[in-house]
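These features come from TrEMBL:
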type    : residues                                                                                           : note
BINDING : A:Arg48, A:Lys54                                                                                   : NADP(+) binding site
BINDING : A:Arg125, A:Ser126, A:Ser127, A:Gly288, A:Lys303, A:Pro304, A:Thr305, A:Ala306, A:Ser307, A:Arg329 : FMN binding site
Protein chains: 4
Amino acid sequence: MAGSIFGTIFRVSTWGESHGAGLGAVIDGCPAGLPLSQEDIQSWLDRRKPGQSKFTTSRQEGDEVEILSGVFEGKTTGTPIALEVRNKDQRSKDYSAIMNLYRPGHADYTFDQKYGFRDYRGGGRSSGRETVGRVAAGAVAAKILKELGVEVRAFTRSIGPVEISPENFDWDERGNNKLYMPDAQAAKAAQAYLEKLMGECDSAGGVIECRIEGLPAGVGEPVFDKLDANLAKAVLSIGAVKGFEIGEGFKAPLLTGSTDNDEFASETDESGARKIYKKTNHAGGVLGGISDGSPVVFRAAFKPTASIAREQHTVTREGEETPIVIKGRHDPVIVPRAVVVVEAMAALTVCDLLLGSMTSRMDRIREFFRR
Amino acid sequence: MAGSIFGTIFRVSTWGESHGAGLGAVIDGCPAGLPLSQEDIQSWLDRRKPGQSKFTTSRQEGDEVEILSGVFEGKTTGTPIALEVRNKDQRSKDYSAIMNLYRPGHADYTFDQKYGFRDYRGGGRSSGRETVGRVAAGAVAAKILKELGVEVRAFTRSIGPVEISPENFDWDERGNNKLYMPDAQAAKAAQAYLEKLMGECDSAGGVIECRIEGLPAGVGEPVFDKLDANLAKAVLSIGAVKGFEIGEGFKAPLLTGSTDNDEFASETDESGARKIYKKTNHAGGVLGGISDGSPVVFRAAFKPTASIAREQHTVTREGEETPIVIKGRHDPVIVPRAVVVVEAMAALTVCDLLLGSMTSRMDRIREFFRR
Amino acid sequence: MAGSIFGTIFRVSTWGESHGAGLGAVIDGCPAGLPLSQEDIQSWLDRRKPGQSKFTTSRQEGDEVEILSGVFEGKTTGTPIALEVRNKDQRSKDYSAIMNLYRPGHADYTFDQKYGFRDYRGGGRSSGRETVGRVAAGAVAAKILKELGVEVRAFTRSIGPVEISPENFDWDERGNNKLYMPDAQAAKAAQAYLEKLMGECDSAGGVIECRIEGLPAGVGEPVFDKLDANLAKAVLSIGAVKGFEIGEGFKAPLLTGSTDNDEFASETDESGARKIYKKTNHAGGVLGGISDGSPVVFRAAFKPTASIAREQHTVTREGEETPIVIKGRHDPVIVPRAVVVVEAMAALTVCDLLLGSMTSRMDRIREFFRR
Amino acid sequence: MAGSIFGTIFRVSTWGESHGAGLGAVIDGCPAGLPLSQEDIQSWLDRRKPGQSKFTTSRQEGDEVEILSGVFEGKTTGTPIALEVRNKDQRSKDYSAIMNLYRPGHADYTFDQKYGFRDYRGGGRSSGRETVGRVAAGAVAAKILKELGVEVRAFTRSIGPVEISPENFDWDERGNNKLYMPDAQAAKAAQAYLEKLMGECDSAGGVIECRIEGLPAGVGEPVFDKLDANLAKAVLSIGAVKGFEIGEGFKAPLLTGSTDNDEFASETDESGARKIYKKTNHAGGVLGGISDGSPVVFRAAFKPTASIAREQHTVTREGEETPIVIKGRHDPVIVPRAVVVVEAMAALTVCDLLLGSMTSRMDRIREFFRR
């Protein structure tokens, strides 16, 4: 059963392993006529690159993307866009220490159970490197969205117990610190927390928040393909994510109908038209699974990095109990590098549903074909 | 774009509105030879029925299911199973008071934006009654799972601030109280909380937890169709759900690698074989999106019922501001009735991926066709 | 694996058996705001009804369709449209003579092999009655197409060796004879051929031709979802169809490049614009799998009715050889009744791809969302 | 809308243009543990290579395939298999003569209509080179089938009016002549026919027949995903195919029920078991869309090569009428090179449905999970 294809109209198929020849994505269903350059995608990949600070692994990934098809004279042609990143750092390493062991918190055991064997080099397909394909494709989706006035932006909301404070919130600060936190003070506290954990050979998790602005009302399908349902799937499909919430999320059960409902109001815009809006946004931008014109706001909970330098206990493939020590340098927290991955998955989801929303009304379809 | 179809191999298509002729589901891809009776499905539908206590709406729904196809001589035939529930309580009511207003917390506004108009009778397709089709289909999926040793059970974990206590946990108690709480004491406290809210013309939300036991390791697809990703989508697609978490969920970011990782151990079973297991289950039964043999444990956060008797503010379709009072009796909390809906969606998800896992290994495929 | 769902954007799920409670279809993805009445669908079902002449079975099917959801105040709502036809003629018959035998030319043997047992009452899901769901859904697709200026019409091109003659072709004649032939003379000859076969307890096949007019250029997706590829699947999925061809079809290999290529020309229309057209239509309206603005013309070959009154040889489920005589009255030819089925499948295919074509160009997408 | 993805369980996504950087395919859903080497795929690609005789274009394509993912230690891992062929022959040519013209019989006009512009270098995505991805993926599907005892073989049945004769049929001869005809005499006559056409600056079409042997009964899904329906789509999706027929195909309408029905018989095999078979195979191996255990036999009609050296008439993008002469060397017939493409598409279709058939029966599912 195929698990590496995402979307219905704007469809992405990703491939590649941590230590194989490379990774990539094929986008099928991208509209023709979108200006697209290597740089549009590279800038997204650069944001997920490791080696940018002491809190990310020092592996040099390079990660130069090549556009192999679907773009002609600087514009998409409507046919599949193949994106590829060759793995550079593939020297043959010695995996004998772990190839026969199941690392706690990793997918080694489940891959073996599912497939009968596994690519033990750096996690193979279950490695975080798998997200290269997502990010490359997400960059294209985001570019379409931008042309239609929709912006997708995420940030690190918390690392371990250190959370940003709403009053300090500053989008511009996000790029100033390596943790992608829009709050300089919280970023500083989080760095101290991480340094302490590193000293203890331990690792941290965190929460990423994503905000989608400019999305018109009416996007998302009732029942199974709700906007929030598809976002939840997109986000939970990222390795290490253990939770998703939209709007008030897990705080909603602590509210009551009267404090959680968003009342409607209206105002007259410049053109004299009556514009309806919600006075609050507890809902996080969706009602009944359909965008309501407010910003879509959701959060993803990431577990701590599974690879820690500390000795742990596990078993061999044969079931023999044994200690395990995971060598090499690993990110003490993956959250900052995952911010762009969350944006990519959100962009893919919204782009697909936005295109899908074009066929929801006969009046607009009639008008479309009358051209 | 179609939004009412769920699953890849075991596929369900649901239909129906709150006040239309009826509701139903068509299951395509159900294996042949499964014993299936009307009662198998009715018993699930009865659990979502309203009118069972003062905490649920008094509308008498009847909800008798009819199996219209796909079952012959008491067994499924392998061809589509059509399940149907006719709406009985359809007398023509007076909707003039709300047909032109947007109820806060409901999908009235977004349906109008998406479709240009809407079925204003009781919410139409965005009504909670839409779950009739999910539950009917889920009952069939659950029956398949049961035959394969997999059990899906959910319960009310909290209502408002009242949460069950682990030390009181008792599956048997779940059926004893109308709130589906496996803790008699918490149920009592939750009832008091609900009565207070009802007195204030307000409503409550809550959290449902679901546990899936007996699922073999190896179910779920890497990357986009992870078991937890598909569960998240399934659960978020239920109206009023605002959050999903698996295992430690939103608590995972507060742990560290050393406290969140589940170590592996092994034991020798009766047959003398070495059996590998996880000593803890912070992961909630999935590693890398694939089931690991431990129970799958997830939670869903439900917002408070949007329909409250209290006066609220809103606008008309034309954007005129106006007060709104929602008449009729509504559940002050939908969580207890949603327990079976969560079970249904979990069963549909797991059944689909379990069947899908049959094609993951050549050795087993060869053996299958050698018969 | 699910086999009863068709389409990507405009999606149809059909269900029902020959002698079960009924048959139906659920359409998911139908745009909102399409005027739709029971009569729109009934008129299509009436055209596939048996009992209209001595060349069709005398079974009285009634086949009254009920719209159970998705239509409100005479217009589609955008949510699933459930269509249902209850079987009336279900008296319990005696199937003991054939329940254990494999009828030649029928799917009895293959259903048993696939599912381990089968619904032996009248063929169950493999019966021609299965097409009720297709036709009901196709009527809705055709109504959408009509609103967009696209017309789908089919006719009987030949029965056995009797073929219509191009010079006699007359659309109006199609409705005048029970064989749906647009050539009065050929219809007469075909009737004589059928009467002769009936006298010999034998049956006939034939060819249906379908023409789709008004389809704009640009519909169909390159590579796998070509317009002609999807039409071929749609048409071959009708029971008894053994061949599909578009344009010159199987005559194309007998032509050469210079006689098969359609040259382009242009003319100036009323508005003064230059309009490009093909001088000929050997291609049948598709180039590279995409509609070219010419009429789409395809043909389907139907095998002779498998049920014949003549004694045949077969085996029992246990493999014992035995003669078999199929009782009851059967259509000596199904082609005339299948004309509306071909139209339905063509309408479903074209409607799906036409809606899908709306997302092929960024310039049109930008304009759509600028509204 | 995505058109370059094929299959449900064994899913292939292809990409690439005639004169872009390369072409490829990503296979998602390939079972783990299949031995797979570059050579397994290369040998298939070599069969579609041009430049092997004077009847195929002299372009040197090289077409060396690289496996970029999904294979580890010589076996498939269960995760996506990326296959890639870089275009070698990409020197910048002068397309000014045709970039603004619509070549008759090609997709230039329809791509422009659909996408607003097109990659005019050698047809871009509508080029026959697109089949590189199909063939590479088909080689993998065929390898799975071979392990399960299923063999897919096609051959040139006719070129223009020259058809093979059943009495001369010889599989071994197929490889001896450049036309892939299993009849030496017919091959000779076909060569004479082609030489004559080449002298006249013209081109030929032909018919390919494919036979699938060893397929167990029970493969294919009733109603829309019939084995023959899916094969028809697969085959019609190949550029230049204008018709598909299975078994008697377009000859079936000329038979009668008594001459077209295949009677069942039985024999006792070595193990003493009763084996049921059809005495004839007019059906071509499918009954009700499900394989019946006989060889599956189908044919595809190919139109003559559209590119001919002779002067033709056409229009410019602006609609101005103009003569056109297509330069360069082109295959006077593409049929021989398309044989392997037909095999590839048949293998992909059958592999997908064969894997899908594993979930059709509860008894087998129970047994599978009891392991």
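Placement of Cβ uses the backbone N, Cα and C atoms for every residue, glycine included.
This view paints the features noted in TrEMBL onto the structure.
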residue  : record               : DSSP class
A:Arg48  : NADP(+) binding site : helix
A:Arg125 : FMN binding site     : helix
A:Lys303 : FMN binding site     : coil
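Note: none of the binding-site residues A:Arg48, A:Ser127, A:Ser307 has a C-beta at a distance under 8 Å from a chain D C-beta.
The separation of A:Arg48 (NADP(+) binding site) from A:Ser127 (FMN binding site), Cα to Cα, is 14 Å.
In sequence order, A:Lys303, A:Thr305 are the binding-site residues among A:Arg48, A:Lys303, A:Thr305 whose C-beta falls under 8 Å from a C-beta of chain B. Of all the binding-site residues listed here (A:Arg48, A:Arg125, A:Lys303), it is A:Arg48 whose C-beta has the fewest other C-beta atoms within 10 angstroms. Neighbour counts of Cβ atoms within 10 Å were taken for the binding-site residues A:Ser127, A:Thr305; the minimum is at A:Ser127. Residues A:Arg125, A:Ser126, A:Ser127, A:Gly288, A:Lys303, A:Pro304, A:Thr305, A:Ala306, A:Ser307, A:Arg329 are listed as the FMN binders, and the farthest two of them sit 45 Å apart at their Cα atoms. Cβ neighbours of A:Ser307 (FMN binding site) (same chain, under 8 Å, six or more residues apart in sequence): A:Arg103, A:Gly105, A:His106, A:Ser203, A:Ile326, A:Gly328, A:His330. When the alpha carbons of A:Arg48 (NADP(+) binding site) and A:Lys303 (FMN binding site) are compared, the span between them is 18 angstrom.
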